[in-house]
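S.K.: Here's a structure for you.
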Amino acid sequence: MASLSVKPGQRFTLPDWQNNSILISADAEQQRYNSHHIRQEGRALRNETGNHARWDEHNSRTQLKDRISTVDRWRETLARLLTEIELEIDALTKIKEAAENAIQAKNLCLDVAIECLTFRESRRDIDVVRDPVEEELLREVKVIEKTKKDLQQRVDDAFKQLCLLKEARQQLSSDYQHKVEALELDRQCVSFSPTSGNISFKVNPTRLPYGTTALSEWEQTSQRNKELAEGALKASVDLRGAITLTIAQTNNELDAQRIATEFALRKRIRDMEAALNELRWQEQNTLEEIAEVEEDIRQLEEEIRKRTLDLKVAHTRLETRTYRPHTELCRDQAQYGLTDEVQQLEGIIRALQQKRTQLQDTLDTLYRQLHRIQTDIGYKTNSLQLDNKCMDTRKKLVVPLEKFEPEVDAVNRTRNLPRNSQLELA
């Protein structure tokens, strides 16, 4: 007779089965609630951080634009001061040269007066008298020496002021260049966006770079450079006015008589022309040498470029051979040869670069020497023109000395000075 087979094991009751279903449903609802809550928090956080990030970026962009505006205003101020200083240096240099030429003219006057006195010492017997002519000549010597001393003092003052102007120009030029570079970098920063192709993570970007200064120090430096330049400009303008006045006064103090200096002027002109011819010959030779050095530098750079390409080939070969599989990745003769080639090429490139640096230093030295030669040619050309003008002016020596008025356009920038006709002898 068959019997019912009962599977051994635990048997749950119907309430247990129902409770398990209820528990699973409750857990599912709780998990969905928790998930919904977390999703809502994530959305809120995303909105909050997105708004905060956009505001921070907007704030940073606004601050960058404000900074660009501030630096650009300073740059315009420095550019204006640089222009004024350049004009002032040119004007003061011309008026200084005018004063030096005036001193040179006084030397001729002094030579004439002393020569006249020497001639008169040859008088004999009763004619050796202290007459009015000798008294006037002695008085003229004293006046000439006094005017030379006054003019030399003005020249020394002008030289010192030129040094101050050039120092101010150097500081302004450096500050101006720094601000131009800072503006370029800040404008580049403003142009960056999340879609820019050249953005990346940087190592410790929030560090304080070496040499970082405070904003107050930056403002003080710019203000100090501005005040230094303005002070130097004002002092130079005043000095130019004083030099112009001194030249006019000293010329009005001199007697009109000028005698027989044709020989000295012609000799001076011949010497100046010889010096100019020598300088022009030196200039031509220096220019030729500069051209040869520049050609050698170009050839060296071409050789460096070729050797660099060879080095890239060797590097690429070495890198490509690192992908050989298994035992094929061995240090064979080709590997040793490529390694030696890289080392040789690196040594060759270093030697070529060193020689290029030496040639560049030589070229810089030649350019400095060329600048010295050309500057000296300018000075001597100017002196030659002045001496030729003196030769033409000496045709008018039969009339009293004309009052001096410097032929310098920049002098008109000084305050209104009395004309020569308004100046009286001291």
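Here the Cβ of each residue, glycine as well, is placed from N, Cα and C on the backbone.
Where the annotation comes from TrEMBL, it is an automatic prediction and has not been curated.
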S.K.: When TrEMBL marks a stretch as coiled coil, which of 202-229, 342-369, 370-397 is it?
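M.R.: Of 202-229, 342-369, 370-397, TrEMBL gives coiled coil for 342-369.
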S.K.: Can you identify, from 17-58, 269-310, the stretch that TrEMBL calls coiled coil?
M.R.: 269-310
S.K.: Cβ under 8 Å, sequence separation of at least 6 from the ends of the coiled coil (342-369): give me the contacting residues as numbers and ranges.
M.R.: 286, 289-290, 293-294, 296-297, 300-301, 303-304, 307-308, 310-311, 314-315, 318
